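J.: Pasting a structure here, questions to come.
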Amino acid sequence: MAAAAVPVPEGPLVVGVDSSTQSTKALVVDAATGRVVARGQGPHTVGGGADGEGKESDPEQWWEALAEALRQCGPHARQAAAVSIGGQQHGLVTLDSSGRPVRPALLWNDVRSAPQRDRLVEELGGPKAWAERIGSVPATSFTATKWAWLMENEPEAARATAAVRLPHDYLTERLTGYGTTDRGDASGTGWWASGTEAYDEEILGRIGLSPALLPRVLRHGEAAGTVRDLPDLPLPTGALVATGTGDNMAAALGLGLRPGQPVLSLGTSGTVYAVSEHRPTDPTGVVAGFADSRDAWLPLACTLNCTLAVDKVAALLGRDREAVEPGGRAVLLPFLDGERTPNLPHASGLLHGLRHDTTPGQLLQAAYDGAVFTLLTALDQVLDADAAPDTPLLLIGGGAKGTTWRETVRRLSGRPVQVPRAQELVALGAPAQAAGLALGEDPAAVARRWATAEGPSYEAVERDEATRERIARVLSDADGLLRRA
Ligand SMILES: Nc1ncnc2c1ncn2[C@@H]1O[C@H](COP(=O)(O)OP(=O)(O)O)[C@@H](O)[C@H]1O
Ligand SMILES: O=C(CO)[C@@H](O)[C@H](O)COP(=O)(O)O
């Protein structure tokens, strides 16, 4: 039998990268059609830092994982006209004067900066003042709190730092040789003010960080540069490098989101977000007022405990992640890493309502319910009041492949759910940006042409109010316990 013919690309090839917490993925995409021509993936590890309490990764590992992912793409990556990097948000990358990491990066889910976070919020006039000025009340994820932690705990490392970058900035700079970022990722630092769309020198002054150490914030559509001569990386010298952005902003691009379309992403982090034309300023701190990578906003709520936490509960119970059972009244708050939404950085997991007849499958379902509940309560705050309640929730991230995740979201949200066939939305948003640059088009329009959001739809079912109320009650009654270390 003759081998199936491989379609000839109809447009230039572009490369998109998703460098997230657990791995770096690369896609080579036909810019005309959105067809994925090749894909690759390289893993990275997360360590606990010197005290074992943190979440740290070596940026060199991200670079090696990128090289590995590109090598797996075979000869196609070498033909790329443009490349773009989407990266996990918020991470603090500190570089010395020769561009090498001073220490491992402090990641978005490292909660050791909780005391510095509380102090900073207080010093600048409280949550409302932060929300109005920066767009967000910073959580411990925000880069500014991590720099404040470093200054206090490792002053020699802070002194040795000649440049401060976010994960996507770091990889982009290694490609181009220039220190750049974009407004989307900059909006998760805590030192980029959404009100002025510029670095906030007063905040930088308070945390003792010179603006000279920061990358230039590129405008939407501007190129970060071109690929340098990098013999070990299978990318062509001179290929255009797009601005890149944070992973959630990249996924929003990859979906070609229109304002008011809600997204729920199930990965290491759980996130809910929508594109909005109004600058968010939520004083409760539940909704971060991020910028998107173009000229709109991306109100977003994020939990620290999502797929990894539920997988951990499944492993403790010795069950497959799909082996859930209905019924029972147990509530499991899976706050294994502390939590950000709600803001409980010192929390740990909590189980309530265990009975003789509780089954392991019910306990596992309770972990899914706990993880999804916190995201869904935030969703109401993320969406503008005029957003239609029957707009399908777009379910993405690794967890969207799982039946139990999908069914839990349907039952607890009462909304219709759509699962895009294209699963690697961050890695597709990056090439949409690269294709936009190569073809001179709006990246969101490119993604809509590629129809990346299309996929099976699931009708709304009646919302399970009883479970929602049970979880809400435990969260409220256990508040004191969850606040303690
Ligand atoms: N078939 C599946 N069913 C349910 N969950 C899955 C499946 N495959 C992967 N996952 C989950 O996806 C997670 C990784 O998702 P991903 O979005 O790639 O993470 P991240 O971007 O945070 O690195 C894993 O923690 C795993 O629990
Ligand atoms: O902190 C946030 C959003 O504010 C996270 O969503 C990170 O951007 C990490 O993402 P994943 O590794 O889970 O994709």
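Numbering starts at 1 and runs along the chain as displayed.
Cβ coordinates are placed from backbone N, Cα and C, and glycine is handled just like the others.
The following feature annotations were taken from TrEMBL:
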type	residues	note
ACT_SITE	ASP247	active site, proton acceptor
DOMAIN	14-254	domain 'Carbohydrate kinase FGGY N-terminal'
DOMAIN	265-435	domain 'Carbohydrate kinase FGGY C-terminal'
SITE	ASP18	site 'Important for activity'
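Buried or exposed, and what's around them? Tell me for each listed feature.
T.: Proximity of ASP247 (active site, proton acceptor) to non-local residues of its own chain (separation of 6 or more, Cβ distance below 8 Å) is seen for ASP18, SER19, SER20, GLY86, GLY87, GLN88, GLN89, HIS168, VAL426, given in sequence order.
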J.: Kindly state the mean pLDDT of the domain 'Carbohydrate kinase FGGY C-terminal' (265-435) in the predicted structure.
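T.: Its mean pLDDT is 95.
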J.: Tally every other Cβ atom lying within 10 Å of the Cβ atom of ASP18 (site 'Important for activity').
T.: 28
J.: Tell me whether ASP247 (active site, proton acceptor) sits in a helix, a strand or coil according to DSSP.
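T.: Helix, per DSSP.
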